[in-house]
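Chemist: Encoded as structure tokens, here's the structure I'll be asking about.
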Amino acid sequence: NHTLLTAFVLSGLSSHLELQHLLFFTFCLVYSMTVIGNLLICMITVHPTLHMPMYFFLRVLSFLDITTASVVVPKMLSSFLSEDRSISYTGCVTQLYCVVFLATSEWYLLAAMAYDRYVAICNPLRYTVIMNTRICLTLVLLSCCSGNVVSVVQTAWVFMLPFCGPRNINYFFCDIPPLILLSCTDTSLYEKQIITATVLVIFTPFCFILVSYACIISSILKISSAEGRYRTFSTCSSHLTVVTLYCASGTLIYLRPKSSNSQDIKKVLALMYTTIIPTLNPLIYSLRNKEVREVLVRAM
């Protein structure tokens with residue numbers, strides 16, 4: 001007989017009691033930096049001198065980063081200071097849906113940003129015509145719709161599985177790999193489904209990004225001056241860095257959901273795309289940008 005679970009227990013990042021307060025203050029600082037940095041980008045990029053598609057996408061990216069961190073980190077912080085690490089069944093469903101929705105939307109948004117860079121570098125004279133307001137809004141809307149579809153399907157699949165106990169999730173938030181480990185039925189079909197979803201969600205946009213950057217690099221090599229090549233490529237290097245981090249962490253976590261890899265390794269990888277990358281994005285993308293720095297200095 002299957003026991004109906006009404007709550008799960010999150011093990012958190014570490015079971016060492018002596019580290020709990022240090023981890024709390026560390027990730028409290030990281031979360032504060034995430035919120036402040038991304039809010040700053042959201043406010044700066046509405047400046048009239050930054051009314052360009054690139055900064056519009058950065059504003060949406062910052063909003064997604066704040067939301068992703070807010071879905072995961074506050075619950076993780078509370079687990080450092082409380083012995084009660086339980087999360088309700090409904091709360092777990094909601095958290096999984098939000099994490100998958102936000103991560104997928106952000107991944108497709110990165111593909112849209114690659115297309116924006118392709119148009120800006122390969123078709124500069126037609127840039128404002130091609131990347132008009134309607135196209136930018138459409139790309140963001142498509143990213144969010146894709147994220148919603150993927151999240152609804154994946155969340156429904158996971159919670160259709162029977163959970164008979166134990167209810168301890170060896171993770172710091174509700175995610176697909178640790179949840180299917182708790183199922184008391186054969187999950188081989190679901191594993192094939194999630195591998196297919198991973199290929200579609202991660203590798204399809206990644207291939208599109210690679211094609212975009214192949215065209216971009218081809219155009220950069222045609223620039224006669226070394227300084228011009230460096231300046232042009234520097235506008236793309238930040239995007240490539242984030243794409244690489246996202247692709248690597250997502251692939252290693254979801255391509256083999258029940259692999260023999262240590263759960264601690266998967267925790268670190270999950271920490272990368274839910275906490276670390278949202279903190280680094282303001283630095284990687286925007287604060288290295290000369291125009292953004294000038295607006296920030298004037299605002300301060």
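Every residue gets a Cβ built from N, Cα and C, even glycine.
TrEMBL feature annotations, pasted as is:
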DOMAIN    37-285  domain 'G-protein coupled receptors family 1 profile'
TRANSMEM  24-44  transmembrane segment
TRANSMEM  56-74  transmembrane segment
TRANSMEM  94-115  transmembrane segment
TRANSMEM  135-160  transmembrane segment
TRANSMEM  194-221  transmembrane segment
TRANSMEM  233-256  transmembrane segment
TRANSMEM  268-287  transmembrane segment
Chemist: For the transmembrane segment (94-115), which partner among 24-44, 135-160, 233-256, 268-287 gives the most CB pairs under 8 Å?
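Modeler: So the stretch in question is 135-160.
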Chemist: Using a Cβ-Cβ cut-off of under 8 Å, list the residues of the same chain that are 6+ residues beyond the ends of the transmembrane segment (135-160) and lie near it.
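Modeler: Residues packing against the transmembrane segment (135-160) from afar: 53, 56-57, 60, 93, 96-98, 100-106, 108-109, 111-112, 115, 176, 179-180, 190, 193-194, 197, 201.
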Chemist: Could you please provide the mean pLDDT value for the domain 'G-protein coupled receptors family 1 profile' (37-285)?
Modeler: 84
Chemist: Restricting to the same chain and to residues at least six past its boundaries, which positions have a Cβ under 8 Å from a Cβ of the transmembrane segment (24-44)?
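Modeler: Tertiary neighbours of the transmembrane segment (24-44) are 50, 58-59, 62-63, 65-66, 69-70, 73-74, 76-77, 80-81, 275-276, 278-279, 281-283, 285-286, 292, 295-296, 299.
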